[in-house]
Each structure stands twice: as structure tokens, then as C-alpha cells.
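Pulled from TrEMBL, these are the features on record:
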- B:333-343: compositional bias 'Low complexity' (COMPBIAS)
- B:320-350: region 'Disordered' (REGION)
- B:6-26: transmembrane segment (TRANSMEM)
- B:38-65: transmembrane segment (TRANSMEM)
- B:85-104: transmembrane segment (TRANSMEM)
- B:111-130: transmembrane segment (TRANSMEM)
- B:161-181: transmembrane segment (TRANSMEM)
- B:212-231: transmembrane segment (TRANSMEM)
- B:243-271: transmembrane segment (TRANSMEM)
- B:283-300: transmembrane segment (TRANSMEM)
Amino acid sequence: MGGVAAPPADRDTEAPLLSVRGVSKTFGKLAAVRDVSFDVRSGEVFGLAGPNGAGKSTLFNVLTGVPFGPDPGGHVLLRGQDVVGRPGWSITRAGLVRTFQTEAVFDDLSVLQNVRVCASPSALGRRGRVAEDRVREALETVGLTDGDAPAKQLSLVDRKRLMIATAIVSRPSVLLLDEPAAGLEPQDQDQLIDLLRTINAAGVTIILVEHVLRVLRTLCGRMIVLDAGAVIAGGAPEQVLADPAVVQAYLGPGGAA
Amino acid sequence: MAIRVLRLLLPWVVFAVVLAVLPGMFTSAHSRLVLIQALLYGVLAVSWNLTLGLAGIFNFAQIAFFGVGAYSSAILVDRTGMSPWLAMALAAVSAALSACVAFLPVLRLRGIYVGLATYVFSQLCIYLVLGQSDLTGGSNGIVGLPDMTLGPVNFYDHNRYGYYCLGAVLLFAVCAVFLAISRSRFGLSLVALRNNEQLAASRGIRRTRQQFLAFVIGAAAAGVAGSYNAFLNSVVSTDVFGFGYLTILLSMIFLGGRSSIPGTVVGAVVITVLNDRLSGTGAWQQVVTSAIILVVLWVFPEGLAGAGRLLWRRVAAMRGRDGTGGSPTDTTAAAVPLEPAAAHRPADHA
């Protein structure tokens, strides 16, 4: 990720890179995401936590338009431009790139082909050679060495790495990671933390959905917690995770006592 | 570098040599016709493989594109006296245009529903042809199309030697172009969409555009094949839209191996020759052909191409054991333990 320019330093005065305003998603009578608003500043790692079924993954879906956008009325402003209503591929090309909870890769392609297809010249300004350099760079960043290996034969950890490589090859402005540490051993979690730090240091803003609190505490400067689709707390991780409302959301009524 | 280029070119040189030598080995009118049929089916099956195999779209409109190509070139030559060569080029265009219509259901539908909608499209083509009998000859078709010529050479002469050569060139070209497509980023994006549409969308791949292009490119090639078929037989009828072509091509693709171009060509040759050999046996023709396809798919789900790959890995594994090669990326080869090879050393037997 060598050649990426670092984001401007004066974070407090600049406009947020991503501004989510009043985003909801309803399925029939079920409100999966309810009037969620938050700002993400350029260059930060922003945490998103909440118990199972809180609407974290649905929020990722509606932010990136894959596979669906939010209900009418909400706004997702990337550098001030509303991306709501645009198809998923277009939001991706605008710089909002997500990963999935399960280790999704293209099984019938090799490792190299997986990354190459995500660095299409049309996404990178029709410069094939630049795209090839970025493919190599992305694989080096995540630490995958055997480009010819079939993706379907990779281990869980390597599939996660490959998924992240396919996400960073297009140099997104905001990388939305959906539980990247799930199912990893503690030493693999440490490697993941290092990897995410490297990606972040290269100028990629990260929104991190995670259940592993250690990872959230280590990486995030700020975070919010969702419960039943709504934001119930926000701020620095230590402060948020000690919030009685958050403890109760995770442990149920009486859990805070 | 030179060895890499050689390895890349060698299969194509062999393919070209085989295509050049075959008509010399099969000179009778009948065997030449069987060869030409194999070429025609090969072109059509490879063109279909782009959507059906590589992109994984249940596109059953390929036969319609073949028929539209046949009819449009026949009508153009019949009505305007146009050169068959120009008509063949325009057949590609008209088939590609019909693909724009056939693609509409793919915008919204997925999976087997695309199969149903595109099959209905081919059936509608039959009714369109029958309904426009002034232009298409209705159920009589269009007969007496002129033979193709190149300068003084009539393609029908010498047991259709000219048609054989044109078919061979078409097959070679279609294989080369479609192989290049399957290895390009465009081809990779079709596989990506086939594997995981949501992941592909979240990586900036445009499903509609990529699959539309696959439809149109496949259709153009099928249109040329349809035109070739019309001039070869000097007649065109609604048979070109029929279920017979559909099933025979599907058997070729499945026997050969979906998304494998060499497999598809081999499948086309095997089925064409098999059908010819069994042509006097009545219903047994279908029974034997189906039984062979079922057995092959049972043993090798990826068809003859899968069998070939398996054999190649075995050979590579054996070479690896001898210490003479074996790709480190070939996991099958790598998974073979090295100890048994040591057991074959003469010293161990002493």
C-alpha cells in the first residue's frame, strides 16, 4: 500500500468523509435499522458493535447498496455526495467497499484472478499496468504469496485475507469490515489487527463491525453500539462499553446490575 | 520466455494441423458432411458456452440466435441477391440485435426462470417466422439458396471442401476468440458473477453490462453459424429453432465439460460421430447417446474436460515423483507423498 497519500491531519475541522443521516430499513413490520445517524472522519477506524440481530450487517447492506439500499428519506453522504439510490457496483466505485460476514471469495478463480477481477481497468481508469501493480501490492499487504492457488482450497484465515485483498485493491475511501475476527484464534486476531493497522495507515478509513471487543478496543478511536436497529451509545470504546445501556443490550435485563 | 510462448502456441498449432489434415483422411461425401456437421456444432456449442458455461446463465435463446442468423442471411440473399459473405456478416448483427431483446428477462430474473423465459423467446421466433410467411416462406422455409463461392471456387465442389475449410476457420476463430475472452478480465468477471453475484457487485462489477455483452457476443457467433448452416444446406426452415438442436448441443456441452472450450469441441465431435454411427438403429441412437453421457457425467461431473484435467494431474504427480517437474501450485501433485518415490530407488531394494 506504499504509494497512497495520507489523509489530511486536521480532522476536527474538516467535513466528515462519510455522513450517515436518518437511515432506516424496514422489512414488513420489522424495523431492522431505525433512524441511524453518525459521521466518520477521514483516516479513522470507526467501530460498530451490538448484539446479534442488532442490524449491523443490515446497516452495511444499506450503506453500500449490496444487496439493497435504505428506505426512502435517509442519506449516505460520501464526501458530501449522496450515494443512496445508486446501484451497489456504483457505490463501490465511488469508494465505499464492504466485506461480508462469511469469507466470500470467487471459488472458481485463483487467488490472483480473484484480486485481478476486482481491479478491473474500468474501476481504475483503464490503466492495465497500474491495475497489475495494485493486484500484487494488495496480495503483499494481506500476506498471500501463492497467487496460482485455487481460492476454494484456501484455509479460513487465507480466505479472509483474500476477501480483504479484493476489497483494498481498488483503494477504497471507506472499507466496511463485517466481523473480520470471527472464528479466528487469538494469534490470528493479532495478525488481523496488524493488517488493519497497515491498511488504515495507508489512508483507508475503516468502519469495523466486530464482536471481539479486544479488536474494537485496540483499533477504534470512536464507536457506536446498535440495539434493535437503533444507536444506543456512541463515543470512545472504553466509555461506550462501560455504558449501562450497552451492558444491558448485550446481557439482557438485569445484566447491568 | 520462448518456452512459454511455445507452450502457449503448441496446442493451437496442433489444432490447426488436425483441422488441415482431417479432410484428406475423410474424402467421401458422407464422411465429409459428418465432419462439417461436427465443425458447425462445435462453433455453436463454443458460442453457447460463453453464457451457459462461463457466465452460468441458463440461456436457452442461443438456438434462436442461430435461427435468426440463418433466416436473416437467407432472406437477405433471397430478396436482394446480396453476396452470401455480406449476408453472413449481417447475420451476426441481426442475431446480436435479437440478443438485446432476449436479454430483457435476464435484467430481472435469475436461475432457471431465465431458462424458461429464453426458451419461450426461441419458440416465439418460430411463430414470428410462420406468421411472416411472405418473407420467410412460412412452414415451407426458404429453398434454393446459392452456394458460397470465393473467386472461381464453389464451396460445394470436391465434396464440400470449401464449406469444410470455412467451417474449420470459423471453429478455429471462435475457439481463439472465446478462449481469449474467458482469460480476460471480462471473462473473469463473468465467472465472478456466476460464483457470487453480491460479492461481485460489492467489488464494482456491473452484472447487467457484463452479462449483456456475453449474450451479444455469443449471439453474434451463433448468427454466423446459422448463416453458415443455411448456405451449407441451401435451405432454411423452422427446424433451426427446434428442440433437436437444443438437446444435441446441450449433450455436447455437458459431455465435453461446461466452461471448457477444448472439452466442448471434443464433445461436439464425439456426439456428431456417435449420432452418425448409430443413425440406422432407430430409437437406440438416443438411448445409447444418453447412456454414454450419463455414465461420463456420473464418473466425471465436469465431463470429458474434467477427465482430461484429472489425467493431466496424475501425469504431473508422477513426473513430480520422478523429480522431473510438477507444478508447486498443483495441490493434487503436492498432496502426493514423496516417500513412495524413495521406495522405488534401486538402493532401497538392495
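Note that Cβ sites are derived from N, Cα and C of the backbone, with glycine treated the same way.
Only sequence-distant pairs (6 or more apart) were considered; of these, fewer than three Cβ pairs between the transmembrane segment (B:243-271) and the transmembrane segment (B:85-104) are under 8 A, so the stretches are not in contact. Within the same chain, the transmembrane segment (B:161-181) stays apart from the transmembrane segment (B:85-104): fewer than three Cβ pairs sit under 8 Å, each pair at least 6 residues apart. Counted as Cβ pairs under 8 Å, contacts with the transmembrane segment (B:212-231) are highest for B:85-104 among B:6-26, B:38-65, B:85-104, B:111-130. Cβ atoms under 8 Å from those of the transmembrane segment (B:85-104) belong to residues 59, 61, 64-66, 68-70, 72-74, 76-77, 118, 121, 125, 148, 211-212, 215-224, 226-228, 231 of the same chain, restricted to positions at least 6 beyond its ends.
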